[in-house]
Amino acid sequence: MMQDLRLILIIVGAIAIIALLVHGFWTSRKERSSMFRDRPLKRMKSKRDDDSYDEDVEDDEGVGEVRVHRVNHAPANAQEHEAARPSPQHQYQPPYASAQPRQPVQQPPEAQVPPQHAPRPTQPVQQPVQQPAYQPQPEQPLQQPVSPQVASAPQPVHSAPQPAQQAFQPAEPVAAPQPEPVAEPAPVTDKPKRKEAVIIMNVAAHHGSELNGELLLNSIQQAGFIFGDMNIYHRHLSPDGSGPALFSLANMVKPGTFDPEMKDFTTPGVTIFMQVPSYGDELQNFKLMLQSAQHIADEVGGVVLDDQRRMMTPQKLREYQDIIREVKDANV
């Protein structure tokens, strides 16, 4: 029973589906046929509506030429106006009853033709050509104002450069001081004139103390100094005191002399000096002088100072060497 019922349901469903398909196909076919039938009517209605709209517009604008072309049915009138048709679209439109009253409107195109020819003959240009006598008359007064203008123009031109020259005059003294700084390097030539100099060093005790005379005497003798002229010590070319003196040692306290018996002697320091030029090589003598000062300072517990009694520096030593070279070059 279940199988029979299922088979019946399948058959009924298939029949229903086929019926639906046939019904849909038939309805679509019917709609298409009705659309094709209604199209020519719609086209005719649309054409009529367009023609009626064009006629209304033409009536509003009052165009005479279009009305003439569309109203004429006679062959004689058609031949006269065929050449003047501006738009071929009106030939295919059927004449309607509304176009019949356009016949009396043929007068406006005829009235338009005469005004076109009327402006052509009117040429008043020939009359001013016949006036040659008036042209030379204005030329003569034109020459007269030209001459005073030319004469007045150069007057301000000459007056303008005069203040310009005055402006350049104060500029001249500005250029004058320029050669003045050129003369400044002239004093540089004074350096070669130095043909002699004195190199000074000091060996001093520390601040608030003094050098012991006995230690000072031993250190001076070890450095090669010998007591001699002016009651001071001298360093000669040879350690035994023979030969010329290279540099000398004096007391820092005035009058700068020494007493050979210096056991009970004290002093804040001693001064070593060398006169340039001297015997032999001055630079080598300067090195020997510096070594002697350092030896004495180490022995007595003092320090080496420059000529200003300041701590000796490498820059000051180079300055001493430059002075020695300068004096040597001046004495060549």
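Backbone N, Cα and C define each Cβ position, glycine as well.
According to Swiss-Prot, the protein carries these features:
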- 1-6: topological domain 'Periplasmic' (TOPO_DOM)
- 7-27: transmembrane segment (TRANSMEM)
- 28-332: topological domain 'Cytoplasmic' (TOPO_DOM)
- 42-192: region 'Disordered' (REGION)
- 51-63: compositional bias 'Acidic residues' (COMPBIAS)
- 99-115: compositional bias 'Low complexity' (COMPBIAS)
- 123-150: compositional bias 'Low complexity' (COMPBIAS)
- 160-175: compositional bias 'Low complexity' (COMPBIAS)
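Beyond its flanks by at least six residues, the transmembrane segment (7-27) meets no residue of its own chain at a Cβ-Cβ distance under 8 Å. Averaged across the topological domain 'Cytoplasmic' (28-332), pLDDT in this predicted model comes to 68.
DSSP assignment over the topological domain 'Periplasmic' (1-6) gives 5 helix, 0 strand, 1 coil.
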